[in-house]
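What follows is one structure encoded as structure tokens, with my remarks underneath.
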């Protein structure tokens with residue numbers, strides 16, 4: 001596929017001002033979406049020049065009142081907008097769209113975790129030390145606000161999504177396109193991950209200078225309200241220059257790729273972003289593994305990847321293990337033709353012009369007969385059962401598993417070499433891998449759920465939600481909580497719970513709305529910008 005073919009797509013001034021294409025901008029690569037993306041953003045130098053010229057001329061010729069009106073309309077969340085470009089009605093869902101849905105729901109639950117753990121002890125499991133007999137502490141239910149297992153899901157899904165297209169190309173022996181794809185992935189990965197975080201942290205610097213963090217600084221450390229975790233509240237330095245210098249140093253340290261220190265690269269500007277350097281580092285190792293195994297026979301490649309997984313397991317690098325697991329699951333799905341209905345699955349592994357040495361590849365095998373209803377029912381039951389098991393494993397308590405009913409034996413089964421401060425990652429990681437596997441085999445149940453309109457919307461704004469929920473909580477979120485507890489009081493547990501519940505009615509929609517705006521104004525344009533920069537830099 002030629003990513004720099006002449007484009008016939010001409011964007012209007014309004015589209016350029018909106019800074020949004022309503023296509024999924026996740027890392028998931030499917031055939032139709034990739035072709036459309038390349039068609040829209042080929043000849044990037046001309047596109048950038050045309051876009052810049054149209055924006056400048058548009059701003060010059062636009063009346064201030066009209067400009068403010070358009071800015072106001074842009075701040076309206078996409079799900080409330082009447083703009084047809086923001087509508088998802090009738091939008092075709094790709095064969096791997098459920099991965100976006102999984103990522104979206106995981107991001108929402110991470111937000112719930114950081115929202116609730118300042119007020120409640122959520123790390124301990126149901127019945128820990130004969131206490132914690134709360135309904136919300138039960139397995140399965142606790143996943144709605146438990147952040148660490150959602151991080152494991154992120155990493156498995158990333159490994160799967162980043163491997164899918166390269167694996168299809170290497171299996172079709174299309175090594176020319178494979179090389180181009182891998183070069184593109186490596187070149188754009190840093191921009192995809194670090195540009196949005198640089199912008200989000202600069203936004204924190206700006207609102208700190210405006211005094212919005214001072215608005216809630218005392219409240220953020222008040223144990224009357226923050227009864228469990230008092231998150232670091234980014235400090236306002238004496239001068240703007242000192243604040244900007246601190247931001248530059250933080251961003252330099254944030255690109256933390258040289259060792260595997262726990263929470264390495266975490267920035268005090270927003271402590272929640274520690275997974276981003278991990279994601280980048282694991283992506284680079286994954287790309288290296290894909291390149292190194294590209295020309296191997298399938299059986300040999302599987303053997304090599306499994307040996308890499310054993311090595312990373314013994315080295316207790318759970319995050320890298322999850323990426324390799326995603327790669328393995330992606331190739332298994334390609335082999336069984338899981339995405340073949342879209343023309344990007346099994347067919348892509350067997351149809352190519354040549355094998356690279358002049359010989360034509362064999363034609364695709366005929367489609368196997370449909371399984372009998374009884375066998376289909378047994379398969380559904382099997383994968384449903386595995387998904388339930390995986391959700392239980394993902395419910396592993398973050399603390400005190402050895403003294404929690406239902407987890408005593410499982411905790412003893414964790415290898416002795418596994419770090420004590422990462423015991424909770426063990427079964428959560430196993431559960432995440434099994435869950436992604438089970439969802440891939442459940443098109444009529446789990447995939448249908450993750451492909452629903454609401455979950456797909458959360459998938460679109462997932463990265464933005466991950467970046468925005470911290471700053472929103474530390475400013476307007478804490479202010480709303482303070483106001484709500486002022487109404488209900490905090491003298492009794494019931495009053496405290498009531499104030500927390502009342503504040504959530506306002507905070508949850510607020511975070512979603514801000515994430516929506518950041519997605520349209522920053523995240524989606526960054527994806528297009530990275531593609532344009534690549535096209536400007538590469539040599540044909």
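Easy rule for this one: first residue shown is 1, then count along the chain.
A Cβ is built for glycine as well, from the same backbone N, Cα and C atoms used for every other residue.
Summarising the annotation, TrEMBL assigns domain 'Acyltransferase 3' to 97-519. What TrEMBL lists as transmembrane segment is 105-123, 143-163, 193-212, 271-291, 298-316, 426-446, 494-519. Here TrEMBL flags 345-360 as compositional bias 'Low complexity'. The region 'Disordered' annotation in TrEMBL covers 345-377. Per TrEMBL, compositional bias 'Pro residues' is recorded for 361-372.
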Same-chain residue ranges lying at least 6 outside the transmembrane segment (426-446) that approach it to Cβ under 8 Å: 98, 102, 148-149, 152-153, 155-157, 160, 318, 321-322, 325-326, 329, 333, 338, 379-380, 383-384, 386-387, 389-396, 410, 414, 418
Positions on the same chain near the transmembrane segment (271-291), where near means CB under 8 A and six or more residues out: 110, 114, 151, 154-155, 158-159, 162-163, 166-167, 170, 182, 185-186, 189-190, 193-194, 197, 200-201, 231-232, 254-257, 263-265, 304-305, 308, 319-320, 322-324, 327, 466-467, 469-470
Among the ranges 143-163, 193-212, 298-316, 494-519, the one whose Cβ pairs under 8 Å to the transmembrane segment (105-123) are most numerous: 143-163
Confidence summary for the domain 'Acyltransferase 3' (97-519), mean pLDDT rounded: 92
Positions whose Cβ lies under 8 angstroms from the transmembrane segment (193-212), at least six residues beyond its ends: 234-236, 240, 243-244, 247, 250-251, 254-255, 267, 269-270, 273, 276, 279-280, 283, 463-464, 467-468, 471, 475, 518, 522-523, 526, 529-530
Positions whose Cβ lies under 8 angstroms from the transmembrane segment (298-316), at least six residues beyond its ends: 171, 289, 292, 324-325, 327-328, 331, 335, 417-419, 422
